[in-house]
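Participant: Take a look at this one; I'll ask things after.
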Amino acid sequence: MWQAAMALPSAEDRIIMEEETLLRKRLQAITDKRRIREQIEKKRRNIEEEKLKLQYLKKKTLREQWLMDGLSTLSEEEQESVKAQTEDNQQQTKLLQSNINRIEQEVADLETQELELSAKEEILLKQLKEVEKTPEDIIKEVNANIRPEPVQYIYTAIPDVPKCYTPKTRRRSITAGKHETDEEQEKK
């Protein structure tokens, strides 16, 4: 019987375990969100690098076209190599543009995941606030568990009190022995 009672956690233990679980889940959500944020930043840097490469390639292609238009005295072999180079540049341009589009889509997907994690974290935070004890709750609980002890009078020697003064509790015991009334004691 005693072992069965020990196996079942109390309500307070369940609340603590639930709070601990919620804290772990929230920490995991925050960690995942941070990881996704770092991936987004990395992909944005990649996009910028790809855009710079694309911009450079486009400028290079335009410059070569301008030079080719100005020089019509090229041989057929030179014209074929220039055309091949231009086609190669166009292929690279298309490849860079598709890479940029793909990375931008990945960033959008990661941002969606981040929003979902933020929503999940908000829900966990609300649940945690419901389960978590506030300082006022803790104080009330402690005050409810404390039993006030009966007050015991402790008399110390007070130098200003005349020697004929005796506290009421002691007076009763003395007066009971002498059969004097309180009024007579007060007159003294």
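Indices start at 1 and increase along the chain as displayed.
For all residues, glycine too, the Cβ spot is worked out from N, Cα and C.
This is the feature table in TrEMBL:
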type: COILED; residues: 30-60; note: coiled coil
type: COILED; residues: 93-120; note: coiled coil
type: REGION; residues: 167-188; note: region 'Disordered'
type: COMPBIAS; residues: 177-188; note: compositional bias 'Basic and acidic residues'
Participant: Restricting to the same chain and to residues at least six past its boundaries, which positions have a Cβ under 8 Å from a Cβ of the coiled coil (30-60)?
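Facilitator: For the coiled coil (30-60), the list is 89, 92-93, 96-97, 99-100, 103-104, 106-107, 110-111, 113-114, 117-118, 121.
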Participant: Which bits of the chain, at least 6 residues beyond where the coiled coil (93-120) starts or stops, bring a Cβ under 8 A of a Cβ in it?
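Facilitator: Sequence-remote neighbours of the coiled coil (93-120) are 29, 32-33, 36-37, 39-40, 43-44, 46-47, 50-51, 53-54, 57-58, 61.
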